[in-house]
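Asker: Reproduced below are the annotations present in TrEMBL:
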- A:12-35: transmembrane segment (TRANSMEM)
- A:47-70: transmembrane segment (TRANSMEM)
- A:77-97: transmembrane segment (TRANSMEM)
- A:103-122: transmembrane segment (TRANSMEM)
- A:129-149: transmembrane segment (TRANSMEM)
- A:180-200: transmembrane segment (TRANSMEM)
- A:233-254: transmembrane segment (TRANSMEM)
- A:260-279: transmembrane segment (TRANSMEM)
- A:286-303: transmembrane segment (TRANSMEM)
Amino acid sequence: MNTQTHQLPQPVFSLALLRRHALFLILLLLIAGFASKEPAFVQPANLLSILQSTSVEALLGLAVTVALIAGGFDLSIGATASTALIASSYAMVVWHWGAVPTVLFGLLSGAAIGLFNALLVVRLRIPDLLATLGTMFLLGGLQLIPTGGQSISTGLMLPDGSSASGTFAPGFLALGRARLLGVPVPVIIVAVIALALWLLMQRTRWGRVFYATGGNEQAAALAGAPTARYRTLAYVLSGTLAALGGVIIAARVGRGDVSGGGSLLLDSVGATLIGFAVLNARRPHIVGTVVGALFVGVLLNGLTMLNVPFYTQDFVKGLVLVGALALTFGPGRGRA
Amino acid sequence: MTTPDTSSPLLALRQIRKRYGATVALDGVDLTLHAGEVLALMGANGAGKSTLVKIIAGVERADAGQVLWQSQPVTFGSPRAALSAGVVTVHQQTSQLGVPGLTVAENLLLGKLCDPASPVLQSPRQLLAEAARVAGDLAGGLPLTADFADLTTAQRQLLALARALYENARLVILDEPTASLSAHESRRLFAAVDQLRAAGIAVLYISHRPADLRRLADRAVVLRNGQVAGGFAAPLDLDAALRVLTGGTLPLRSKALTPTAPGPVRLQLDAVRLLPESPAINLTLRAGEVVALTGNLGAGKSHLLRVLFGAGRLASGRVLLNGQPWRARNPAQAIAAGVFMAAEDRWRSSFLPTTTLGATLADLIALPHLPQLFKSGWLDHTALDERAISWIARLGIRAPGPQATPDQLSGGNQQKVVLARWQSMPAQVLLLDEPFQGVDIGARHDLVNAIRASTDRAVLIATSDLEEAVEVADRVLIMDQHGIYDPGPLRDGASLLDHIEQLERFAGQASNPAEEALA
């Protein structure tokens, strides 16, 4: 009938190929550039510190990615993380809980927030951006109530006039500070979780259903997928991952600082959206998000080493994000 | 109506060529179009119709050749340039024909409202009065204060045509306008096209439907492989045109002569009511039987199919599957029981956005069956590809391979992918909603053969096109107001045309009161 449907043979060095690997290429160029200016940049110690400093952003980015794959944006990610941070700090300092129950409590708080988001979005059918924006404000305020707006550390003044006497357990702090064979624990945690999520999303049929639900919920439902359940699960998973990020921050800092989690949200959404450009996938995906987080981490670390002022960081992040989005959605995209 | 060939044509194309990479889409096409003439453009999917339309409408530029507009050589560099010369295109995608959020009246007067010379302040009353005048009798029934977004396909088309008439269009391109219209709505559209023709507007009418062409076309041009394969003057010899279109003989199934021997009862509906006040439906479907439901949009065809698939609710009644009382609460249960449905509008109901993971043919064909195919949860990509390759071969799908996405395929091949999805597992009952939408005649024939190939399952097809229904089905039933009527069996080929006439009359009459009530 015709030959129109047949794909043309692609040249080996095509624009598409370049676009596919553009972010890796730029990342390599960045590393090479920083290394030539400041040899200390490529020292193993510094590289590990980059990994450590990006681990939380990567984790939160993965949380955003999971929600986004199932078709839901989650603006409450940062607030979820900071809520889990406060919850776990409070459990240790005020309630004198041990490390294990504290971590579980932190994760559960995240799962509960995810369930709440799912209730709003899936059950009550509130548009996802609006619902999670509401959750974000709700959590930002909620954190202030038990502590009266103070940071949580030993000696915290409680509303009844007494002071909290609990301390952060060493086992808990190890989660954020310890190293295993020289590698920081948070890095190992994120690597394991990223691998598990990658397997789930790319290699199992459940992953296909997550993507199908996000891509075209009606089509997924007509193919027999319980889409409401998948969307709920995605929010719960997303909330739990964000909470893990919060718990790791608490363990690293050793103090429960209240915050709305605004910068965490920005960084994690940024990592996810930069990830769209990785491998030219033009969709949220696990590898992309991890690379996106690394990309920002390398850039910020390098610029700091070159004594670029701290206050330009947000501007640089914004620049990278816009550039990556232009790469993803800009002209000349699409297949040959 | 015939147009004297002595007058100079409104539009003349000379040796138009267009390539996309290595693919030759148009290979030296000549075409002339006179004012007040309806020219039917026919051709299988991929024959070059869309490319030709895009060049005329300024969306694409020809690589070589000449476009003469009122005897002057022109190049429409953009759709806007074509539009200002008077070329109006009415796409199949009717969402592009107006602005959602604005009323019908505002849409009718959109050109005027956007004109910098028009007054800044517009009184709503004046606007309505003027819109009513613009709508005229061509689009007289349109609800002027309704939001464009709430209009049906047919209403949007009428709006676009009324606007074209008002804004002094010279050429109107209609791309498969009746593809999703009921018989009654189609007649309304035909009347509108007649009005355009009477006003001296040239109409380029793209359609696969013999009924449309017989009713409207003054001439027909058939494209094949990017070339003009034949031209036909009125009265159209459709059989000859179809032969040229397919490049050979068109094998029409002599269905009335080869009735299938029905097997055991697969599905039985006992006094099923779709709505509390709708008539009770009794229906028996046997293995090996293909039954078509026809009727207007909104008659309840899709509703019935969705109910059987567990995607909708019924008000009362009983459904028996293989003799056992059965009710699917969701599509997953239906699929597990072997009741499959391919819903209408394949892009919304079956495919995924092309950048999504799982948007390839291999994934799309397997999507509903993933739990059965991969019980452990781990996907085997090789197995997915092999299944897809086998079905691509069995249904003759023209596709680059199992990793292609459906947007790379023609409409007919896309529909074959949807069919492959539901044929790739053994079914008890196969429900197909508008399976021939946007499918050319050659591919439709392939689809009919594939649908009729299995004797083990019952097939229920919903289609608003009577000729499709008659071509594919052993029995044709009419659905109206959520009830089913059996117009009686088809005995031989001679009774076929009578049958069609009778069905069309029924469908037209039945829809009238309801539509007037809405308007």
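Yeah, the Cβs are placed from backbone N, Cα and C, and that goes for glycine too.
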Asker: Please work out which recorded stretch in A:12-35, A:129-149, A:180-200, A:233-254, A:260-279 has the most C-beta pairs separated by under 8 angstroms from the transmembrane segment (A:103-122)?
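Answerer: So the stretch in question is A:233-254.
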Asker: At a C-beta cut-off of under 8 Å, are there same-chain residues at least 6 beyond the transmembrane segment (A:12-35) that contact it? List them, or none.
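Answerer: Distant Cβ neighbours of the transmembrane segment (A:12-35) are 41-42, 274, 277-280, 291-292, 294-295, 298-299, 302, 305-306, 324, 327, 332-333, 335-336.
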Asker: Under 8 Å, at least three CB pairs between the transmembrane segment (A:180-200) and the transmembrane segment (A:129-149) (pairs 6 or more apart)?
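Answerer: No, the transmembrane segment (A:180-200) and the transmembrane segment (A:129-149) are not in contact.
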Asker: With a Cβ cut-off under 8 Å, give me the same-chain residues at least six positions beyond the ends of the transmembrane segment (A:77-97) that come close to it.
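Answerer: Those are 56, 60, 63-64, 67, 103, 105-107, 109-110, 113-114, 135-140, 142-143, 146-147, 152-154, 156, 158, 164-169, 172, 238-239, 242-247, 249-250, 255-266, 268-269, in sequence order.
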Asker: Using a Cβ cut-off of under 8 Å, list the residues of the same chain at least 6 residues beyond the transmembrane segment (A:47-70) that approach it.
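Answerer: 77-78, 80-81, 182-184, 186-187, 189-190, 193-194, 197, 201, 210-211, 213-214, 230-231, 233-235, 237-239, 241-242, 244-245, 248-249, 264-265, 267-272, 275, 283-286, 288-290, 292-294, 296-298, 300-301.
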Asker: Can you tell me which parts of the same chain pack against the transmembrane segment (A:233-254), counting only residues 6+ beyond its ends and a CB-CB cutoff under 8 A?
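Answerer: Distant Cβ neighbours of the transmembrane segment (A:233-254) are 55-56, 59-60, 62-64, 66-67, 69-70, 72, 74, 77-78, 80-89, 102-103, 106-115, 117-118, 121-122, 153, 168, 172-177, 186, 189, 193, 210, 213, 264, 268.
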